[in-house]
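*Asks:* So that we are looking at the same thing, I have put the structure below in structure tokens.
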Amino acid sequence: MPKNSKVVKRELDDEVIESVKDLLSNEDSADDAFKKSELIVDVQEEKDTDVEEGSEVEDERPAWNSKLQYILAQVGFSVGLGNVWRFPYLCQKNGGGAYLLPYLILLLVIGIPLFFLELSVGQRIRRGSIGVWNYISPKLGGIGFASCVVCFFVALYYNVIIGWSLFYFSQSFQQPLPWDQCPLVKNASHTFVEPECEKSSATTYYWYREALNISSSISESGGLNWKMTVCLLAAWVVVCLAMIKGIQSSGKIMYFSSLFPYVVLICFLIRALLLNGSIDGIRHMFTPELEIMLEPKVWREAAAQVFFALGLGFGGVIAFSSYNKRDNNCHFDAVLVSFINFFTSILATLVVFAVLGFKANVINEKCIAENLEMVIKLVKMGNISQDIIPHHINFSAVTAEDYHLVYDIIQKVKEGEFPSLHLNSCQIEDELNKAVQGTGLAFIAFTEAMTHFPASPFWSVMFFLMLVNLGLGSMFGTIEGIITPIVDTFKVRKEILTVICCLLAFCIGLMFVQRSGNYFVTMFDDYSATLPLLIVVILENIAVSFVYGIDKFMEDLKDMLGFAPNRYYYYMWKYISPLMLLSLLIASIVNMGLSPPGYNAWIEDKATEEFLSYPTWGMVVCISLMVLAILPVPIVFFIRRCNLIDDSSGNLASVTYKRGRVLKEPINLEGDDASLIHGKISSEMSSPNFGKNIYRKQSGSPTLDTAPNGRYGIGYLMADMPDMPESDL
């Protein structure tokens, strides 16, 4: 050893290794406030803590009680009303069983990769959507705000649908069901059937007149519908109480709200399969029309359904995953939840078509009975000869096959005058081809089918309770997509914010429970989410793949998961998914441009729906919804680009000294080359362990030495420390 080695060692020790007492005594003498403060620390093992900026206490971020609770929350959010009343309609409309192939392909190309991406960034950064995208690229921080705005718009009208379901649920405890038959109207002389109901049907009349009491156009407000106002209030109270404690309260409810719909769907499927005609419905649904599968429209609608079915872009996926442990296998979660969603859609489609098959069979039997009476009358009048009727057919017990045989014979014999006979072919396929979706399926077609069920009130209660639970599962994720980012960013109390958010949403939501409210629901559904969400997810993909860097992101995933994700995701995120999303965005814009903006209004006198165009103010509202939803993105970009807000982006970590506590503050990494692994945010940094030596350069040094374990030994830098090049990390 050289002679002066002891001197060198002593100097090195004096420079680098200091005790806590020395560290505090050597601080700048001008910092009187710092000298008078206390440094309270606990010797503890490293653990992941979430350091709240500006708060006095470092609390651990709330966490799921179990992996099952988390999976049920994600399933409840992704599996919603669209699985029951949108997917079956698209399946029927776009080639039956052939539609499943493009849907599955697009699920693998768009759905799972983007779902995995959102789960990953939420779990890794442990923030809501605002914090996540502000961390990855401050200039694109508006993505998180846009997600919150879209979530709020969707929550406004989505809870109205839950309110409708609550109304039907409350009316289902009657025998017979109130929508079973048309009401009778009495006047001074006689009793007659309500004309509006007679021209349509009992379930259609009940939906439009009794439930909604709908006006004839969006311009006719008609005042509040008090029945629906009470139901909307009840829906918001349920959501508020479930969400007021965050995942601690909503997580427990997930066990019921996520699992109960599966119980109901399976019970409905078993019951429907025991009814006549159910097999006809399922056969009709799965009969593939391969030629339709080649049409671009089918692929566009399948891509849109995949996109919205998984809840991409809402922020709910990111919010839920942010409460996970960092070593959770989110890749497994992404694949599992995506396929649960897919098979739930298939299960719901089986149930819907089995029930609609039964309904079509009932209607077909009535059709045959009515037309058979006309045939008998024509035979008695001599318009049709008895000789052309096959001898084995007994008019007192005619099957569907017998009627079709008689119909075909009469059509051939009376070819010239057949149209004047006004006979109907009564084909069950004609009834099944009447595609219905949305409220038309749930509140008209399905309710009509249930009136023919034995013990129909029981099945009605089960069905609408299932709709309520499906809606609530999605609402929890939607509200979490609003609450979590705001709480993480602005440090407000979650309970107070939840109450304010729900109260504000209820007040604005009163526009949906006017007599014209249904038309506003259609407007918001068409314009407030579709294009803005597509733009949000495209920007998310670009932010991770090109701004942050796909190679660094893959390294982050390897560090977090403990294994390298399949190279498949690299190519999906970098090339395929952005191109597919851009194509979908362009196709959606073109489709929106070609489709005249309007809505289906219920005309009371005609008892039918009629397409009406939006008035000028309605068009302004439609455009405003889209602009407001995406406006945060350019605003935040402009603010960051022009440095209108000092975000302290130069420091990798700044410090706030408060009496009795030293708080680390997360920083902005705009322009950094550090990956999520090296550029640790505060929530990831381990608690300082003062049982070991503390490594710190003298105050004049521009760089920070690291402890032997690769982390900051103390991690506390003075706020006025010069900007630090991140290559020194």
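Heads up, the Cβ atoms here are built off N, Cα and C, so glycines get one too.
Fair warning: this is a prediction, and the values are worked out from it, not measured in the lab.
According to TrEMBL, the protein has these features:
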type     : residues                                    : note
TRANSMEM : 70-88                                       : transmembrane segment
BINDING  : Gly76, Val79, Asn83, Asn341, Leu470, Ser474 : Na(+) binding site
TRANSMEM : 100-121                                     : transmembrane segment
TRANSMEM : 142-169                                     : transmembrane segment
TRANSMEM : 226-247                                     : transmembrane segment
TRANSMEM : 259-282                                     : transmembrane segment
TRANSMEM : 302-323                                     : transmembrane segment
TRANSMEM : 335-356                                     : transmembrane segment
TRANSMEM : 458-483                                     : transmembrane segment
TRANSMEM : 495-513                                     : transmembrane segment
TRANSMEM : 533-550                                     : transmembrane segment
TRANSMEM : 571-594                                     : transmembrane segment
TRANSMEM : 614-639                                     : transmembrane segment
*Asks:* When a 10 Å sphere is centred on the Cβ of Leu470 (Na(+) binding site), how many other Cβ atoms does it contain?
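*Replies:* The answer is 29.
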*Asks:* Go through the chain and flag residues at least 6 beyond the ends of the transmembrane segment (571-594) whose CB is under 8 A from any CB in it; none is fine as an answer.
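*Replies:* Distal contacts: 106, 109-110, 113-114, 117, 296, 300, 303-304, 307, 530-531, 534-535, 537-538, 541-542, 544-546, 550, 553.
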*Asks:* For the transmembrane segment (533-550), which stretch among 100-121, 142-169, 226-247, 302-323, 458-483 has the most Cβ pairs under 8 A?
*Replies:* 302-323
*Asks:* Which residues of the same chain, at least 6 past either end of the transmembrane segment (458-483), have a Cβ under 8 Å from a Cβ in it?
*Replies:* 73-81, 83-84, 128-129, 147-148, 151-152, 154-155, 158-159, 161-162, 165-166, 168-169, 172-173, 177, 238-239, 242-243, 246-247, 250, 253-254, 256-258, 260-261, 264-265, 267-268, 271, 311, 314-320, 442, 446-447, 450, 494, 497-498, 501-502
*Asks:* Using the Cβ center of Gly76, Val79, Asn83, Asn341, Leu470, Ser474 as the Na(+) site position, which other residues in that chain lie within 8 Å, going by their Cβ?
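*Replies:* Those within range, site residues removed, are Val75, Phe77, Ser78, Gly80, Leu81, Gly82, Ser258, Pro261, Thr344, Gly473.
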*Asks:* Please work out the number of neighbouring Cβ atoms within 10 Å of the Cβ of Asn341 (Na(+) binding site), leaving out its own Cβ.
*Replies:* 25
*Asks:* Is the transmembrane segment (495-513) in contact with the transmembrane segment (100-121), using at least 3 Cβ pairs under 8 Å (sequence separation of 6 or more) as the test?
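*Replies:* As far as Cβ distances go (cut-off 8 Å, pairs 6 or more apart), the transmembrane segment (100-121) and the transmembrane segment (495-513) do not touch.
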*Asks:* With pairs closer than 6 in sequence left out, are the transmembrane segment (335-356) and the transmembrane segment (259-282) joined by 3 or more CB pairs under 8 Å?
*Replies:* yes
*Asks:* If you count Cβ pairs under 8 Å, which stretch among 70-88, 142-169, 226-247, 302-323, 495-513 touches the transmembrane segment (335-356) the most?
*Replies:* 70-88
*Asks:* For the transmembrane segment (142-169), which stretch among 70-88, 226-247, 302-323, 495-513 has the most Cβ pairs under 8 A?
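*Replies:* Comparing 70-88, 226-247, 302-323, 495-513 against the transmembrane segment (142-169), the winner is 226-247.
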*Asks:* By a Cβ-Cβ criterion of under 8 Å, what residues six or more beyond either terminus of the transmembrane segment (70-88) are in contact with it?
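*Replies:* Answer is 64, 161, 247, 250-251, 254-255, 257-259, 261, 285, 305, 308-311, 316-317, 320-321, 323-324, 333, 336-338, 340-341, 344-345, 348-349, 352-353, 437-439, 441-442, 467, 470-474, 476-478.
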*Asks:* Just how many other Cβ atoms lie inside 10 Å of the Cβ on Val79 (Na(+) binding site)?
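*Replies:* Around Val79 (Na(+) binding site), other Cβ atoms within 10 Å: 26.
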*Asks:* Least buried of the binding-site residues Gly76, Asn83, Ser474, going by other Cβ atoms within 10 Å?
*Replies:* Asn83
